[in-house]
Ligand code: NAD
Ligand code: UGA
């Protein structure tokens, strides 16, 4: 059993803390957000993540997991301090490291025993060295035995606990082999490949992985656009490609493009790092351009179908950036809604989890309690996030209540033949013939 402090209780910190506690460690999770910590102390989750509430409750009950806003309480006797604070985009696309700096400085101020500082936040290449430097300078000559280990996180929102407990790999980077091995021991029971490398390489593995996944999605979205012109079906194309073991089936779903708190900021930050060091990241730029266009193309299709968007009522199903999360950071749905509202449309929407978050940033958006309420009197319906509960709707009922039966299935969730049989004018992404209707 190890004594672990996790700094930052967002999607990554809270999941990391709860999972390490579940593996038998003694974990204190710290956040500067008092409201968040008060909620956690009361057993209320500040985010929606399947299985998290139960995992937290079990481990709090077992006495292995506690929450605090006090750095001195959280760091007391800690052998490991995991930094899991946010690293949002700065003004030029660079990763903003102010929260990482605050965490590192607090460690420097309060720790007087040997400690391993583990960077779990996604940070630019070189940040591990910079964190060591921040701590050393802050100590101002007072000795401290510490090492920095990079331990990038690869979990996905919506399946975060499973991803943490059954990872494809754990990556550790450090200039101190002994420190990296101590962190490796925390993961041994997961029985997954553990790769130990140097600090900068570990940091780059994280960016390269996210950028590659985003590239796959932009690639299939570009293929989808070509499919539309040529009358092929991108879903079948992706299936046919994915059966090749060298390609594999994952991350080939064409749709509204990638959003979320990570791909957008990480691809941008990697491109920024490249430019700063004299490279021309042309592929990354194209990957971002295609992604931006993907949302606009949906609005263009709707405008063409309806003649104009001005004064039209558009229903949107799904607001979160992907299913099974309430996270709306860089959600494609939100950008589509902005574009529609800018063209004079009234937008109403339903999402199983993300409506409170969306209401806070989209004051004009009308929120509904069911998909059918969204469809009532609408001129078009857009499927923006493929939540399970949208898979099997009563489409006959939706057809009856819409003003004009136009459907834009921007996640290729539904069957074109079925939709056209019912009578919808049905559009999808990259699925050949784009018309229909009775
Ligand atoms: P988040 O915004 O959900 O949470 C960050 C938390 O850190 C917030 O609760 C904030 O109050 C807290 N915080 C900020 N400054 C602090 C400080 N000085 N001391 C203590 N707490 C502080 O962020 P997230 O989505 O969990 O992401 C965290 C990091 O992990 C980012 O670098 C991100 O790129 C990376 N990451 C995220 C995911 C994901 O799925 N969200 C997956 C892998 C990696
Ligand atoms: C992603 C990575 O998958 C994680 O490995 C990584 O740890 C994380 O970013 C991070 O660094 O934060 P996440 O953003 O939670 O995880 O979600 P994904 O499942 O990767 O989806 C990202 C976006 O791509 C979503 O908007 C999703 O709708 C879109 N997507 C995904 C597609 O459009 N097509 C696909 O085939 C897959």
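Numbering starts at 1 and runs along the chain as it is shown here.
Glycine too: its Cβ is placed from the backbone N, Cα and C atoms.
Record check: TrEMBL places 31, 36, 87, 157, 265, 329 at the NAD(+) site, and the matching candidate among 122, 127, 225 is 122. Going by what TrEMBL states, the substrate site holds 154, 155, 156, 157, 251, 252, 253, 254, 255, 259, 322, and the candidate of 182, 206, 391 recorded there is 206. For residue 156 (substrate binding site), the same-chain residues lying six or more positions away in sequence with a CB closer than 8 A to its CB are 163. Of all the binding-site residues listed (206, 329), 206 sits in the most crowded Cβ setting, with the most other Cβ atoms within 10 Å. Taking 206, 254, 259, 262 as the recorded positions under consideration, the smallest Cα distance to residue 87 (NAD(+) binding site) is found for 262.
Long-range neighbours of residue 262 (active site, nucleophile) (same chain, six or more residues apart, CB within less than 8 Å of its CB): 122, 210. A Cβ distance below 6 Å to any atom of ligand 1 is met, among the recorded positions 87, 122, 157, 262, 265, by 87, 122, 157, 262.
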